[in-house]
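Asker: Have a look at this one before I ask anything.
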């Protein structure tokens with residue numbers, strides 16, 4: 001009975017009075033049942049030997065636990081020696097007589113493990129060696145990890161390992177609709193617990209995870225690949241009709257290209273282009289259009305241009321390239337990414353139909369034809385086609401007679417023919433031209449026995465056609481020496497006549513010369529017994545030519561359009577677009593160039609002005625003036641080709657690099673501009689629009705004057721000014737006399753240069769800031785001048801004020817400005833001086849005894865009454881003048897007079 005008076009079945013023994021006890025209790029045969037390690041839980045009681053008198057020599061307080069493995073039940077035929085000892089078991093608590101009196105039961109529980117086991121079953125045995133013990137219960141068990149699901153993998157039950165520290169690896173099986181990402185594994189410890197899982201499974205495509213299971217995507221959702229992500233809603237214009245969808249098919253009339261990911265929305269072909277604009281210019285047409293109102297949801301819209309040439313009724317049409325291989329599309333005919341194209345070399349007086357087709361990445365998937373817009377145009381009169389079939393009638397020693405056929409496509413009435421000829425391999429040095437009204441001409445004045453190259457082109461009211469293919473003809477050789485002598489005499493006479501003509505033309509001031517000269521420069525100079533003549537330079541005003549095309553070819557090099565590759569548009573100008581391209585001439589590497597194009601639909605005046613600018617630029621050759629590479633006039637569009645200036649206009653360049661240059665670097669920029677303007681002034685040209693925006697900067701930071709649209713060559717007249725016929729004037733950069741009287745001169749360019757100096761030193765600020773043009777004119781007339789920009793040295797601002805003298809004759813010349821800037825670059829310390837920079841003639845102030853004398857000396861006599869009214873009658877009084885320019889001039893003269901008085905022995909005058 002226990003303390004609760006419940007009956008207890010026990011195995012007990014208490015032979016403590018007899019020595020050498022050896023009592024055994026054995027279990028029945030126990031099947032192992034797959035266990036590799038078993039655990040024996042024993043509950044027992046043990047009496048304290050000290051509580052029993054007379055048993056100290058024989059009483060024990062322990063017993064032994066044994067086991068024996070066997071594959072079958074062997075009954076009682078087991079010897080004690082066959083058992084293996086597991087452990088000696090001792091009680092944690094023992095009971096005494098007192099405990100028996102109060103019926104207190106002290107129950108001990110001990111657990112022992114045995115392994116590894118390998119046979120089918122085993123026996124357990126308990127050995128008593130003299131203790132008073134009662135075995136209440138024996139429980140035999142083994143441990144296992146129970147099955148579970150983790151990371152979408154199922155792990156089954158598994159028995160623990162044989163050792164107390166062993167781990168059993170268990171590989172999991174992915175749940176339905178899942179697949180291994182990394183092999184799922186867990187380890188079962190000896191205590192029957194699962195350790196941290198390794199690897200995992202993920203839900204297959206079309207399924208998503210939900211409570212350790214994978215469930216199918218609902219209708220309207222999809223999952224394209226296996227992974228942890230959830231099902232996504234179908235993209236725009238697509239759907240799924242069943243559960244577990246891998247993709248969402250596109251709705252009707254919507255498509256997905258092969259390069260589009262499955263998660264992208266379905267798109268459709270674009271609608272037709274809109275707002276098409278055509279501009280016909282002779283036999284070329286420029287087309288522009290707007291983007292489709294519906295791009296189909298895509299950004300890869302491109303355009304194809306289909307061209308057909310039709311008869312007058314429009315009944316019969318054929319591809320416009322059939323029989324006309326020279327038709328060109330700029331930039332290309334198909335795959336256009338920008339909404340414009342220019343078509344060249346069309347037939348004159350012909351009807352054309354252009355279809356602009358809009359395409360995108362899914363157009364080819366649609367069964368419907370792509371959307372497009374049509375435009376019908378009729379070409380105008382064009383320049384004649386090329387002259388063909390040139391033949392030689394006869395060739396003498398100094399002349400050749402040529403015959404040719406009229407162009408196959410005259411495109412109008414032939415006005416005349418131009419015959420171009422030159423000595424073979426000598427075209428770049430010189431060539432001559434001859435005009436003829438007929439299809440024959442006799443070319444005279446040739447050298448005997450010399451090979452010449454002849455080319456002919458026709459001209460109509462629409463312009464000049466292309467030159468014909470080159471024809472080589474050799475003149476007859478000399479027959480005797482007398483003819484050689486005659487030829488030499490004729491050449492000598494011709495040279496003499498030419499020289500006399502030049503002298504006479506110079507005497508009559510033929511052509512154009514320097515615009516502003518001192519009187520001594522107009523005369524011959526006599527020094528040391530030698531007479532020197534001024535350098536003679538002759539220029540031809542392109543506007544005096546009846547045909548500006550002829551003026552261009554007189555000065556500029558004609559470039560074949562095939563030598564030019566337009567790459568991108570970089571801006572727009574007065575006459576059309578400005579493009580960047582590459583030019584490749586024979587035997588030379590390709591170079592970057594800027595191309596000015598003449599816009600379609602130009603007027604005759606615009607054409608003359610455009611070609612006139614090229615004719616002017618062609619006559620300039622200076623490192624600080626933009627260089628003209630050549631022109632394209634024989635094909636459309638007409639282009640002016642100049643060197644490419646990588647850094648663009650000076651004002652934008654300065655704003656992009658605000659504060660990044662030293663003062664000396666800025667002075668170097670100003671020096672380059674002044675050098676270029678000195679060159680132009682010496683040629684007699686007035687720019688009229690000198691501003692930082694019209695100065696270009698290359699990659700080496702070299703500044704070059706550009707934009708000669710307003711430039712004019714000046715007659716060698718006493719006023720040295722050009723009177724315009726009207727038009728816009730850049731007020732903030734223009735001298736007062738040019739604004740008021742429309743008279744421009746090199747001195748007005750000097751005023752503009754002063755404003756450019758201010759722009760450079762202020763890093764591209766707007767002159768006069770937010771003042772209106774009317775306020776600017778009024779302020780300048782009242783004597784206001786721009787203040788020095790922040791950080792501008794005083795010497796540079798003084799030079800600006802010199803350039804802004806109201807009297808144009810008081811302004812420095814560009815050559816003087818270059819000299820001053822060179823001195824400042826060589827001696828930077830002078831930048832801090834505010835003293836006058838220009839080397840002007842200094843009046844003699846030593847004779848001045850009164851304010852009136854002094855004012856008369858500096859030509860400021862108009863202020864006598866002001867000084868007298870203010871009580872300023874002697875030079876010792878304090879002075880005051882309201883106009884800034886006059887204040888500066890008066891103060892400058894005071895400094896000069898002080899220096900003279902101090903350096904000469906004259907009666908002192910206090911200043």
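Heads up, the Cβ atoms here are built off N, Cα and C, so glycines get one too.
Keep in mind that what you see is a predicted model, and the values were worked out from it rather than measured.
Sharing the record's features from TrEMBL:
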type     : residues                                         : note
ACT_SITE : 689                                              : active site, proton acceptor
BINDING  : 570, 571, 572, 573, 574, 575, 576, 577, 578, 596 : ATP binding site
DISULFID : 14-132                                           : disulfide bond
DISULFID : 49-59                                            : disulfide bond
DOMAIN   : 1-150                                            : domain 'Eph LBD'
TRANSMEM : 485-505                                          : transmembrane segment
Asker: Could you tell me how many residues in the domain 'Eph LBD' (1-150) are helical, how many are strand and how many are coil under DSSP?
Answerer: 11 helix, 67 strand, 72 coil
Asker: Rounded to a whole angstrom, what is the C-alpha distance between residue 14 (disulfide bond) and residue 576 (ATP binding site)?
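Answerer: On Cα coordinates alone, these residues lie 126 Å apart.
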Asker: Mind telling me which of the recorded positions 14, 59, 570, 578 has the densest Cβ neighbourhood, counting other Cβ atoms within 10 Å?
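Answerer: When each Cβ's neighbours within 10 Å are tallied, 59 leads.
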Asker: Listed recorded positions are 132, 570, 578; which of them have CA atoms within 10 A of the CA of residue 49 (disulfide bond)?
Answerer: 132
Asker: Could you check which of the binding-site residues (570, 572, 578) sits closest to residue 132 (disulfide bond), going Cα to Cα?
Answerer: 570
Asker: Just the number: how many Å between the Cα atoms of residue 572 (ATP binding site) and residue 59 (disulfide bond)?
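Answerer: Taking the Cα atoms only, residue 572 (ATP binding site) lies 121 Å from residue 59 (disulfide bond).
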Asker: According to DSSP, collapsed to three classes, what secondary structure does residue 572 (ATP binding site) have?
Answerer: strand
Asker: Out of 49, 132, give me whichever of these disulfide-bonded residues has the highest number of other Cβ atoms within 10 Å.
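Answerer: Answer returned by the neighbour count: 132.
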Asker: Restricting attention to the domain 'Eph LBD' (1-150), give the mean pLDDT.
Answerer: 86
Asker: How many Å lie between the Cα of the residue listed as 'active site, proton acceptor' and the Cα of residue 576 (ATP binding site)?
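Answerer: Their Cα atoms are separated by 19 Å.
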Asker: Would you kindly give the Cα-Cα distance separating residue 59 (disulfide bond) and residue 570 (ATP binding site), rounded to the nearest Å?
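Answerer: Cα-Cα distance, residue 570 (ATP binding site) to residue 59 (disulfide bond): 115 Å.
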Asker: Just counting, how many other CB atoms are there within 10 A of the CB of the residue listed as 'active site, proton acceptor'?
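Answerer: So the number of other Cβ atoms within 10 Å of the residue listed as 'active site, proton acceptor' is 20.
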